[in-house]
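Annotation comment: TrEMBL describes 328-342 as compositional bias 'Basic residues'. Summarising the annotation, TrEMBL assigns region 'Disordered' to 325-348. The transmembrane segment annotation in TrEMBL covers 36-58, 70-89, 109-128, 149-175, 195-220, 241-262, 282-302.
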Amino acid sequence: MTESATNNSVQLNFNLTTPADIGFRPALSDMDIAEMALSSIVYFAGLLGNAVVIYVIIKNERMRTVPNVYIFNLALADGIHCLMGPVWMSFRVTDWSWLPGSTVCRTMHYLLFMTMFSSSCFLAILGVQRYRSVVHPFQYMHRRTVPRAAMYSGLVWLAVLVLSVPCGVLSHLVVQDSVPVCAYASPYGTDSQTFGVILQSYALALAFLVPLCVVTPHYVRLHDHMRGAGQTTSVFKARNRVTRMVLIVSAAFVVTRLPPHLARLAQTASRGVVPLLGSLDFILRLLYDLDPVLNPLVYVFLGVKYRAAVMKVCRCRAKINRISPSGRKYRRSQPRYQHRATSRLPAASRRGRTESIWLAERSLSVRSNWVG
């Protein structure tokens with residue numbers, strides 16, 4: 001059922017603009033068609049990339065590790081966001097009128113905030129886990145198990161589902177300039193501007209500020225730790241990979257999240273005095289939609305193991321053996337080398353050396369899951 005627009009209704013959405021913002025237009029211009037085509041490419045690329053990530057993790061048992069549990073959930077959240085893209089685009093195709101109805105309106109806003117919060121949470125968890133695995137590989141070893149990671153992921157989804165409830169409940173179908181629009185209605189007679197600022201601040205805090213405050217100190221410590229590491233060839237290459245990954249992840253998160261949030265908050269607080277017109281509005285929406293596209297590229301396809309797994313699943317190569325961090329294949333020779341190194345030692349020394357070698361291999365395995 002459609003409600004009449006009052007001063008207590010406010011339109012807040014990161015993926016669309018309202019008729020009140022730009023003025024109702026009876027037809028789509030060439031610029032609108034070009035923007036919709038580019039948005040379609042972005043949504044398709046994001047959906048394809050995240051679907052490949054999910055498929056690779058499910059099909060390849062060797063990819064079912066602790067970091068990949070969080071990457072799987074991150075890809076799931078980003079994939080849901082990309083699936084919502086055609087619905088938001090249909091809103092623009094129908095001359096800014098919302099035809100699906102009030103139930104779909106509330107569901108879409110609920111899913112919008114759910115995917116936004118969950119994506120930020122899993123990005124923060126990946127940052128913390130990467131720091132612990134590289135800097136403290138033994139201290140948290142007993143806690144880094146796949147079942148425990150799955151349990152933590154379930155708790156994150158549960159918290160996100162609860163935190164997104166207000167965003168879905170407060171969504172309504174209102175009429176603005178004789179056009180039905182999916183918008184938020186401020187509760188209990190609250191002024192629309194005040195309510196809009198509160199809602200935007202709520203989204204900014206949970207989707208950007210809190211994850212940024214969690215990830216930043218861990219990435220700084222991780223970078224300092226890698227700078228203080230030894231200068232051997234393997235350590236030098238690992239340090240460069242970690243540094244590059246940290247810089248790309250941090251830049252992508254800030255560039256794609258901060259400008260849209262600040263722009264919407266400024267527009268709401270100024271009652272539209274700060275306009276978001278034309279190309280600027282499209283660039284902000286495109287930045288926000290680029291985040292689900294960049295995540296699989298940064299976290300997955302920059303890693304050697306994921307590239308090898310994708311090639312194996314797609315059958316681009318007939319056979320893939322173990323792949324070193326440099327990308328070259330090598331054979332397992334550690335057991336024979338270990339036997340030669342320890343065969344002339346006493347039994348107690350051999351046991352101690354074997355345990356040391358096992359711990360070193362375990363440390364390298366944990367580190368490689370996050371670095372490579």
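Count begins at 1; order follows the chain as displayed.
A Cβ is built for glycine as well, from the same backbone N, Cα and C atoms used for every other residue.
Among the stretches 36-58, 70-89, 149-175, the one making the largest number of Cβ pairs under 8 Å with the transmembrane segment (195-220) is 149-175. Tertiary proximity for the transmembrane segment (282-302) is limited to same-chain residues at least six positions away from its ends with a CB under 8 Å from its CB atoms, namely 14-17, 35, 38-39, 42-43, 45-46, 49-50, 52-53, 71, 74-75, 78-79, 81-82, 85, 119, 123, 126, 244-245, 248-249, 252-253, 255-257, 259-260, 263-264, 276, 310.
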